[in-house]
Each structure stands twice: as C-alpha cells, then as structure tokens.
C-alpha cells in the first residue's frame, strides 16, 4: 500500500494538534488539514486557554486525568523552551475560591498542577464573600499565537493545509484512506450528532497589565485569566444558544462580577468582546467508525465535543485519536496485503 493519506477536518486546537500527533506517530502517512475556518476565526481563538479541567460526566475520571496530564506535560515542556513566547504559553499562579464547600475535597487534577494547596485564612481576606479556596500554579495558553505555532509546526512536518468546506465526510472517500473529524460544533450538521449542543461563551479581553494572578470562582462562571498581552474576563455558559453577537448587558454583568473579585479591574482599558460556541456533550466523542457505500469503505476517527475543557485535554485526546488512526491504517494495510494473496 502506498503512503496512507489522512485528512483531518477542522483547524481549531483539536484539529491542528490531532494532525500534529498523527504526523509524529505515523511518519509514513501523508496528512492534510481541511477547514473552512482558520485562526483567528475559530472557536479556539475565543477560548481563555487556562489548564483547569472541566469534568465530563460520561467519561471515566482516570481517562480524563490521563488526557490532562499528557496535555500539561506537553505544554509545560514548551513553556520551558525558547519557543514559549511564540507559542503563547506561560505559567500563571492564582486562586480558585468557593462561596460554599465544593462536593469533592480535592479535584482529580490537584496532583498534576503545581503546588496545589488549601488557601490560608490570611489569603482568603482578599475574597470576603468566599469561605474556602485553593491556590496553585497552572499553564495558560494564549490561543491565537498557539494556533499559529501549531500551523507552523505542521508545515515544518510536511502536513498540507487547505481552506475547504467539507459538507459530507463521504465526499473525501476517493482522495483519502482515513478521515478524522475534528469539527467541534460543526459536527451537529456534518454528522448529525444530536448529543452535541452549543454552550455560548461571551468573554472580555482587556488591557490590565497589573493583574498577574488568575482568580476563578468555584462555580466556573466568573474568572480572571491574565495572558501575555491581555486579561480574559468571563464568562457565560448559555446552553443551546447559537448567537455569536455580543450582548451589551452580558458585557456589563461579566465586568461587574470580575470587579467584585478584583476591584482594581475598574481601571481596565481597551475592552474587546468575543463570543464562541463551545461544542458540548456528556463525553468527548473519541471513536472509530466505518462509513460504507456500495461496498466501498471509509474509516473515520471522531475527536470532538470537548465543551469548555478543550485546551485542558487537547494533546491527550489528540494522542488517543492518532492511536485510533494508526489502528485504521494497520487494518487497511492488513486487508490490502490479504487482497494480494
């Protein structure tokens, strides 16, 4: 069999990192990324890019922990390299504070982030409305530079990148041996996934260079995440809301909530409003499927539905998807060698 051809559909953080993992684990493959949207116009560009995992109710915790650990280890290595600034990755310390005691004493990821501990009473004085908190250091990914860095890595590895709208995965069957679906919320239409739904997120990107620490309310709705150039203030989680138009009332609400956690933000300037639709479902869809028409088969690997937690697990799920692609290729090579017999 000639070099297997793999198409990855989608160019957000999941699509680009999946393509990179396939190119790294299967150097004999010819990998192509196809998407109608690239940075700065992807959902990933709106994401805050903080490595604080979101929990997927339908996925075993040990699996989620492995995904997060692989992602943290990968980005931590980049943060300690000369490419840290170009890739937009840096360490950031801060606090997650709770008005009421959380259900679980320790989150499953507490031993992966750095220096996780319970906050002291003196520290909690900064947050008079909260009664408990955790302090730790994690990684923050400034998303637009990271996506451009991934694209550069892909091109250096020989991956082809094309702008193309794919309306049906089957249309790729004559050009590619395996197709990988990383279309995020686009999978609603592309593969008719009724378990997938948008969770609208509106965030503010502000200039407030004095804010150095992240602050996150335990409910996950209000957060302040300092990046290299701007601070992300959030947010919202609006299920089944497809609107990409910023809402002025929501902007004011987010700003007020963040100022109640960090009053110095009253002095923030140059406020930009961004909206994204998180591709949400009970668990990430990470599986193989074989499409067939008239005796012709097309192996497909799905990797989408990461919701609010895509950045926290993107490298871990990309590695697993690349492994599934390897299984598809091995099966194809096995059947082509049997056909020769």
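For all residues, glycine too, the Cβ spot is worked out from N, Cα and C.
In TrEMBL, annotation is done automatically, which means it is predicted and not curated.
What TrEMBL records for 43, 44, 166, 183 is FAD binding site. Cβ-based neighbour count (10 Å, all protein chains) for residue 183 (FAD binding site) stands at 29.
According to TrEMBL, the feature D-dopa binding site maps to 223, 278.
Annotated domain 'FAD dependent oxidoreductase' per TrEMBL: 5-324, in sequence order.
Residues annotated as signal peptide in TrEMBL: 1-19.
Long-range Cβ proximity for residue 44 (FAD binding site), meaning a same-chain Cβ under 8 A and a gap of 6 or more residues, is found for 12, 13, 14, 143, 147, 310, 311. Averaged over the domain 'FAD dependent oxidoreductase' (5-324), the predicted model has a pLDDT of 96.
Here residue 166 (FAD binding site) comes close to 9, 34, 36, 172, 183, 190: these same-chain residues lie at least six apart in sequence, with C-beta atoms under 8 angstroms from its C-beta.
In this structure, the CA atom of residue 223 (D-dopa binding site) is 18 Å away from the CA atom of residue 43 (FAD binding site).
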